[in-house]
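Positions annotated as domain 'Arginosuccinate synthase-like N-terminal' by TrEMBL: B:6-169. For B:Ala10, B:Tyr11, B:Ser12, B:Gly13, B:Gly14, B:Leu15, B:Asp16, B:Thr17, B:Ser18, B:Ala37, B:Gly120, the entry in TrEMBL reads ATP binding site. Look at TrEMBL and you will find B:Tyr90, B:Ser95, B:Asn126, B:Arg130, B:Ser181, B:Ser190, B:Glu266, B:Tyr278 tagged as L-citrulline binding site. What TrEMBL lists as L-aspartate binding site is B:Thr122, B:Asn126, B:Asp127. Taken from TrEMBL, the feature domain 'Arginosuccinate synthase C-terminal' applies to B:180-398.
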Number of protein chains: 4
Amino acid sequence: MQKPKKVVLAYSGGLDTSIILKWLQTEYGCEVITFTADLGQGEELEPARQKAVMLGIKPENIHIVDVREEFVRDYVFPMFRANALYEGLYLLGTSIARPLISKHLVDIAHAHGADAVAHGATGKGNDQVRFELSAYALDPSIRVIAPWREWDLTSRTKLLEFAEANQIPIAKDKRGEAPFSVDANLLHTSSEGRVLENPADEFPDYVLQRVVPVEQAPDQAEMVEITFEKGDAVAINGEAMSPATILTRLNGMGSRHGIGVLDLVENRFVGMKSRGVYETPGGTILLEAHRGIEQITLDAGAGHLKDSIMPRYAELIYNGFWFSPEREALQALIDKTQEHVTGTVRVKLYKGRAATVARWSDHSLYSEAHVTFEEDAGAYDQKDAAGFIRLNALRLKLIATRNARVAAKK
Amino acid sequence: MQKPKKVVLAYSGGLDTSIILKWLQTEYGCEVITFTADLGQGEELEPARQKAVMLGIKPENIHIVDVREEFVRDYVFPMFRANALYEGLYLLGTSIARPLISKHLVDIAHAHGADAVAHGATGKGNDQVRFELSAYALDPSIRVIAPWREWDLTSRTKLLEFAEANQIPIAKDKRGEAPFSVDANLLHTSSEGRVLENPADEFPDYVLQRVVPVEQAPDQAEMVEITFEKGDAVAINGEAMSPATILTRLNGMGSRHGIGVLDLVENRFVGMKSRGVYETPGGTILLEAHRGIEQITLDAGAGHLKDSIMPRYAELIYNGFWFSPEREALQALIDKTQEHVTGTVRVKLYKGRAATVARWSDHSLYSEAHVTFEEDAGAYDQKDAAGFIRLNALRLKLIATRNARVAAKK
Amino acid sequence: MQKPKKVVLAYSGGLDTSIILKWLQTEYGCEVITFTADLGQGEELEPARQKAVMLGIKPENIHIVDVREEFVRDYVFPMFRANALYEGLYLLGTSIARPLISKHLVDIAHAHGADAVAHGATGKGNDQVRFELSAYALDPSIRVIAPWREWDLTSRTKLLEFAEANQIPIAKDKRGEAPFSVDANLLHTSSEGRVLENPADEFPDYVLQRVVPVEQAPDQAEMVEITFEKGDAVAINGEAMSPATILTRLNGMGSRHGIGVLDLVENRFVGMKSRGVYETPGGTILLEAHRGIEQITLDAGAGHLKDSIMPRYAELIYNGFWFSPEREALQALIDKTQEHVTGTVRVKLYKGRAATVARWSDHSLYSEAHVTFEEDAGAYDQKDAAGFIRLNALRLKLIATRNARVAAKK
Amino acid sequence: MQKPKKVVLAYSGGLDTSIILKWLQTEYGCEVITFTADLGQGEELEPARQKAVMLGIKPENIHIVDVREEFVRDYVFPMFRANALYEGLYLLGTSIARPLISKHLVDIAHAHGADAVAHGATGKGNDQVRFELSAYALDPSIRVIAPWREWDLTSRTKLLEFAEANQIPIAKDKRGEAPFSVDANLLHTSSEGRVLENPADEFPDYVLQRVVPVEQAPDQAEMVEITFEKGDAVAINGEAMSPATILTRLNGMGSRHGIGVLDLVENRFVGMKSRGVYETPGGTILLEAHRGIEQITLDAGAGHLKDSIMPRYAELIYNGFWFSPEREALQALIDKTQEHVTGTVRVKLYKGRAATVARWSDHSLYSEAHVTFEEDAGAYDQKDAAGFIRLNALRLKLIATRNARVAAKK
């Protein structure tokens, strides 16, 4: 295969992607363009620019972009409309960020006439799949370079040697092995590897990056009111806010109250099980509130349909198929159900739990007139239930009759 | 329709079913047989016997049965193998008890040659459906009498008048309206109606029947280890116990720590929304632990399949189709997946949350050799991922190529 | 309940609905408005007008409407996008017409200020459900009158007596019982009842109303080319046509070649099984052709998703839930998948079978370059398959390893 | 990787697998063990033995096994219980044979202490995946050799040169390219490649290997009665037969009547579309008859559940996951539903169609008493339908009320 001439690299400014940057230059002799996204990971990005310059990247080849609003509006919120949970528990915080990054890599590649994109994900994980499926779906002729699957820098020692030989600065705390690996964005922080590798060992508190250990959460509960329009959060405590602002605020509240910590062993798309610790403070509150508003505004038919396709939808996102016809078709279904998911939910935040305690809406389907234990003025005729039950029972009776008849013959 | 001659009544000993008992006698002139089940609702049952005697029931027609082990072993545990949650949140505590009661009613009817069974559920709720579908499925020729749908005792006043006219003792606290209605068994307590009817109002603490308000839970976390065999809990902290004993123990722990309280607006089978407060202390711990053990012992293929059919399974139970071919077929699927769901989970109980913190099993599928960040000695060849991704991407590339071709033509 | 003042009746002009018309007038003393739809059932509708006049309906209260294009465009075609088959075989020809009729009944009721609508379906079938659910979904305050469930005209003799007493003309061939009951529209003709009631008896040829018995079909095959745009048929043999014209043409071809006859025992929504003979000549060709064009234009991901939700979609239509949020959400999913279902299919019609023999499209995803047995010039690297298989196998290997380990311990 | 010492080869006796045999010997210097299965492909197998001997295989290393009964009993029949169709149309004739072959390869490998198995499938198709996933699932430490993915015999010319250089006899008709590629077993014959590669071209009649072109089928229909027990065919026209005998008989009938020919463009697991012509004469009759018997013996609840999971089940088999926990769990579900699928179906065979015309069973759920148009003696109370419909409509009314309320506010 020919060597690539221009490569757009997903560049964090950290040691690993700096080594990749240098390796691309030396291995392929190619021009490198960097893309560094502010996904709300909570780090300064200007050092990434300086480091890129220092590694010889031309200023016009350095792209640092604040994608927080795009991330929440076009990726996180559509996913939350589905109440998506992978394997019943995981809020997909890492999975949902990858397609966005690939989209920017491909767009920048087109703008620069680059022939390849590169990422820093290893060959064991899900992220390589997510980056690459997204890139190929957006540009079937793009080339994706995954240095971790190609190079021979297979040990920490070799990586550090390569860094030193290439004048890549190594922060003191990166000399040794990190005790675990971290990924972060506005939706979540994930930690995995090393000290977390044995699922029979409890994770130590120092693994938590952004949520306070629940024992340290305040003794006083906090109430928050979240307002939704067509399935998306639009206001907190009555104040309208942009998508990213809403998630940022909820993160603050959730982190303070120890909310959204998950210790999970999950099934990777590449076939193995892995253990991760996830912190999704704002997302956990948002999911609870979205369920709360759906409870009064979403019909049983649409709701049960959504529930039944949710696991598949979540699996598609987890596996990297965001940009696929089947995810888009499911999204069309989900979005259709959200037309009346409008209203407000009060959630109580306390010691690691976000719990819906009240909800109201002009779009409510809840009918106190029908459900009341009091006299209902004819809203509901209890005698209807007799026919309803008898016809629902008819096939069960026919089965029982048949079974008895067959049994009697034996 | 002819009047029934012998009727088996699901009898709690309370005011309402005592009125029903009397009404059956007076309305139909029939012999009444009572069935009172100890489902773990936490009430003395001997008073029910005395009251039945007082209301003229012959001793041989009074059946008081401890069904707790049967309930947990044959109903609760099979359901928990599925991680069943109705509408994402409800643990089905009331739903799962109804078919068992119907089964006993029908069995007793057969033993006594009775031609009907009767229950005290109203015409607005799900329980009438559950009782009756179960009864008809077990005996297609049985007759089910639902006095609430038939009689003209349509107000509290009329009920009390009927009671007085028939010498039915009325406890002082039953004179006024209860502020809400309660159902309880070993799995859960549910409260609904009256003060709970407006879903925009927070429920007052006094609604809670068995779980302490989370603010009053201990400041010290408690750890519990639950051992599973083929999907069922068999031991707590290393001590083997019967199913009902396990659930009772977990209830004790959960109640103390404020665990398992749910404020939900749900969709009833009969077409309306209703609001309930559910307390499922032990069940909430059990679900968390069962998920924890599945995480390491259940394969992704079987696990995702289970997840995808769970909403339907839960809906069937909620709607009263426990004794249906489709529930049984789904159960066969679920049970098949549980053959290796064996091992132990440690769950941390603290301030309303039960959280898996560790799990281990001889049946584990977790392979540290494959997932490790360290040198894996060839367990996994990262280069395989390249082909895996390329073939998964192939159809996405073909789509993108097609779409570009079509767009170019326009 | 109060008597209705104005009722819109779905009126065919036949004996049964004429009796209903009269019964509504005499039973309720109400004004009757008639709605007679040309659904392509192949009958003259002017006699219905004359008969309505004769029965005392004011001319301005008689509505005869040609709804054929609306029927095919807004009901049949959206359904065919889904390849909908109830219980694997039934093309839903009756089910899909009912919501359209209800829509017109409700619209006319609004225009006339009528307080009720009425239909001639019996209390045993699915049609009553379909009519009524549709009407209630479109107007929750409308009243639906189903005379067959209300009146005491429970035998043929009583009906004829009522007709004679009310000067309703009775065609000679209606004096005796029809040997079976027929429903027809542009999509299909269904026959059921009486001579068809024993599913162990073959149906006699005279049951067929529109399709020739296959033995009488021509010995010469006929080829037809159907062109689709976004999932809908738009041309036959290169000639653009309206939806109803397309279905009419295909009906002609299919009928001639003995295509689309189905002898089925199906499960009614009301709980019993029934046996019907269905003739869907054009629809059967259309389904085959739609599948043919999807084969080359629809991606596996979207296609398998569609397949998996199709049974539920078909069941919703069969059960009468056309105007429900869940049908509409599924439709959004299906329509999303049809954006590129554009191209042409050649179908061979011969002796009862419609078989796709060729298909081509500018939107094709079929890539001869990839699939060819010849040298593929690098389009596909066979070595990729090794990694693809190894990662797909990984979890199966881990399972086998675990199972062997567990077995060895025993 | 080390060279394998002993390899079990799936050997047909044809040119391609003979070349593989020789290539294994020369490339790896390994001992080769051959496995040739009589799957009902309709070829003499003794020539395969002679050829193997001629190529230097020791007699004790040659395994020729008649697996027809095993194939139909343990693979085909379980699959037919599900009415499995891939992408709505394909009866999975090739897919279902592969796991059986892998099972024998692995068993023979264990018996001989071999360290690898080998197959002759190419790197573009599904069969490689099916062979290998099955092998790995049965023995996670087995090595699978796929010469087509490894060697450099990438053209017909090179293959023939290799054959000549190694004294492999080449049948005259194998000198040139075959116009298409064929796979056959008792269930079906598939043809693909070369003259079939353009899906816009009709396939020529000479492609058909076992079914007569429909124009040449007899002008006289044939009736066949198939009896089922628990979902499996056990007798034809009243005569009990073994599974393979039944399928053989039905193949004879179907082939004569032009039944079971399918021209399909399908989606391969490896990501591309391919076109095949499938002949499944007996299987097509069997599917029709199985559906026929299910129509009267299977309840709607179980039947609709089966329908809803069928696409996934079929996809699993197509993709090679026969030996997977999820296929086995689905099988448990399916088998559970078949307990009463017992009875007889009469199918009419005529000019390419197999059509159920009658069915009867002691296990029938069909109740003429309920469905009859005649007086039903109280079996069914039409008034029940009113309540049934009203409660089914309740949520639709609440939605319509809500929507009108919201619209009015705007």
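Even glycines carry a Cβ here, placed using N, Cα and C.
Curation plays no part in TrEMBL annotations; they are all automatic predictions.
For the L-citrulline site, whose annotated binding residues are B:Tyr90, B:Ser95, B:Asn126, B:Arg130, B:Ser181, B:Ser190, B:Glu266, B:Tyr278, the maximal Cα to Cα separation is 18 Å. Within 8 A of the CB centroid of the L-aspartate site residues B:Thr122, B:Asn126, B:Asp127, the other residues of that chain are B:Ala121, B:Lys124, B:Gly125, B:Gln128, B:Val129, B:Arg130. B:Asn126 (L-citrulline binding site) falls within neither a helix nor a strand when secondary structure is assigned with DSSP, and so counts as coil.
B:Asp127 (L-aspartate binding site) sits 14 Å from B:Glu266 (L-citrulline binding site), taking the CA atoms of both as reference points. For B:Tyr90 (L-citrulline binding site) paired with B:Gly120 (ATP binding site), the C-alpha to C-alpha distance reads 23 Å.
In this structure the C-alpha atoms belonging to B:Ser12 (ATP binding site) and B:Ser181 (L-citrulline binding site) are separated by 14 Å.
Chain A has a C-beta under 8 angstroms from the C-beta of B:Thr122, B:Ser181, B:Glu266, taken from the binding-site residues B:Ser18, B:Tyr90, B:Thr122, B:Asn126, B:Ser181, B:Glu266. Of B:Ser95, B:Arg130, B:Ser181, all annotated as binding-site residues, the residue with the shortest Cα distance to B:Ser18 (ATP binding site) is B:Ser181.
Long-range Cβ proximity for B:Ser181 (L-citrulline binding site), meaning a same-chain Cβ under 8 A and a gap of 6 or more residues, is found for B:Ser191, B:Glu192, B:Gly193, B:Arg194. For B:Gly120 (ATP binding site), the number of other Cβ atoms no farther than 10 Å from its own Cβ, over all displayed protein chains, is 21. Rounded to the nearest whole angstrom, the C-alpha distance between B:Asn126 (L-citrulline binding site) and B:Gly14 (ATP binding site) is 20. The least crowded of the binding-site residues B:Tyr90, B:Tyr278, judged by other CB atoms within 10 A of its own CB, is B:Tyr90. Counting other Cβ atoms within 10 Å of each Cβ, the lowest count among the binding-site residues B:Thr122, B:Asn126 belongs to B:Thr122.
When Cβ atoms from all protein chains are considered, those within 10 Å of B:Ala10 (ATP binding site) total 21, not counting its own. Across the domain 'Arginosuccinate synthase-like N-terminal' (B:6-169), the prediction's mean pLDDT works out to 96. The local packing around B:Glu266 (L-citrulline binding site), expressed as other Cβ atoms within 10 Å of its Cβ over all shown chains, amounts to 21. Geometry remark: B:Gly120 (ATP binding site) versus B:Tyr278 (L-citrulline binding site), CA distance 20 Å. Comparing B:Ala10 (ATP binding site) with B:Arg130 (L-citrulline binding site), their Cα atoms are 13 Å apart once rounded.
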